[in-house]
Amino acid sequence: MGNTVARDDFEWVYTDQPHADRRKEILAKHPEIKALMKPDYNLIWVVVLMVLAQLTAFYLVKDLDWKWVVFWAYVFGSCISHSMTLAIHEISHNSAFGNSKAMWNRWFGIFANLPLGLPYSISFKRYHMDHHRYLGGDGIDVDIPTNFEGWFFCTRFRKFIWIVLQPFFYAIRPLCINPKPITRLEIINLLAQLIFDVVIYYLWGVKSIFYMLAGSVLGLGLHPISGHFIAEHYMFLKGHETYSYYGPLNLLTFNVGYHNEHHDFPNIPGKSLPLVKKIAAEYYDNLPQYNSWIKVLYDFVMDDTISPYSRMKRQLKGYNSHGQKHLRKKNQLLEMVTKTLPLAKEDHLLWLQQAKARPFESPQRQGRGSVFSCH
């Protein structure tokens with residue numbers, strides 16, 4: 001239990017992420033894939049039913065003994081909550097209403113967020129777009145652990161604790177790595193969530209609130225579905241940055257396991273990613289893949305060559321070693337625009353923040369904007 005992992009730093013690479021080039025190759029060979037780039041309207045009804053299911057659960061647990069509240073929070077609530085975070089992931093890619101109705105997706109994301117108990121949807125979208133465009137980018141991609149996480153969680157026992165505390169690190173990591181000014185939509189997300197939580201407490205009491213919050217925390221920590229956090233990008237095989245999972249839990253997670261396919265085509269809803277794999281099988285069948293997220297969690301803890309440091313990182317041009325932009329005046333301009341733009345243009349602001357970064361990239365990278373699919 002006290003074995004120390006061999007890594008003492010991230011895997012630094014000096015090449016671009018593979019997804020944009022593979023996307024171009026696949027589209028050139030299989031242009032029919034473009035037909036899959038459309039909203040998944042069934043997602044709307046699935047999310048509504050999930051919200052109703054949690055509301056029913058809030059009512060049913062209000063009079064249970066505490067031991068059963070905890071039991072159902074882990075057995076049922078955690079599954080629904082984690083699944084809802086992945087529904088929000090789909091909505092962040094405008095999969096519910098399409099790119100032409102971007103704001104509808106933002107409002108729907110706030111609605112889907114309600115049974116989680118904590119505001120999440122709007123901030124997640126802002127940072128997740130960075131994850132796609134700047135995969136592994138030092139100081140930008142907040143999916144990458146901090147240096148402290150890599151340094152401290154270096155034994156089997158500490159890695160186990162790190163898995164349990166995943167919700168905590170995902171919450172604070174953006175503030176440490178890439179803090180951004182708060183937007184109006186984030187404030188609305190927060191206020192809507194607070195009002196919802198107060199109403200649930202007023203109607204059904206503290207046990208319903210505990211069930212809601214505990215389900216979210218437990219579902220994102222030591223839980224079989226949480227294996228996808230590690231399976232997606234942790235480097236179990238040297239030189240491979242993204243991995244897909246083709247097991248049964250995709251049925252609960254909107255096919256997030258099809259992760260190579262998702263990064264290649266982030267504007268294709270999860271429902272259609274199995275078709276992408278089927279059409280372009282020659283590109284995906286021979287890539288490293290998983291069939292068990294539980295096995296991923298076990299291997300992460302027990303394999304002394306794997307740790308939070310097992311991620312590929314890139315130093316992007318226009319950023320210093322701490323990931324801060326050299327031209328602070330442009331950041332100040334963005335903050336000013338945040339305060340002056342009408343609410344309906346919040347989504348355009350997110351695009352503007354990405355556009356401001358492009359002049360500082362190499363010309364080679366500038367031609368790869370297709371990976372950023374939201375607008």
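Every residue gets a Cβ built from N, Cα and C, even glycine.
TrEMBL does not curate its annotations; it predicts them automatically.
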Out of 107-124, 287-304, which range is noted as transmembrane segment by TrEMBL?
-> 107-124
Counted with DSSP (H/G/I as helix, E/B as strand, rest coil), the domain 'Sphingolipid delta4-desaturase N-terminal' (5-43) has 19 helix, 2 strand, 18 coil
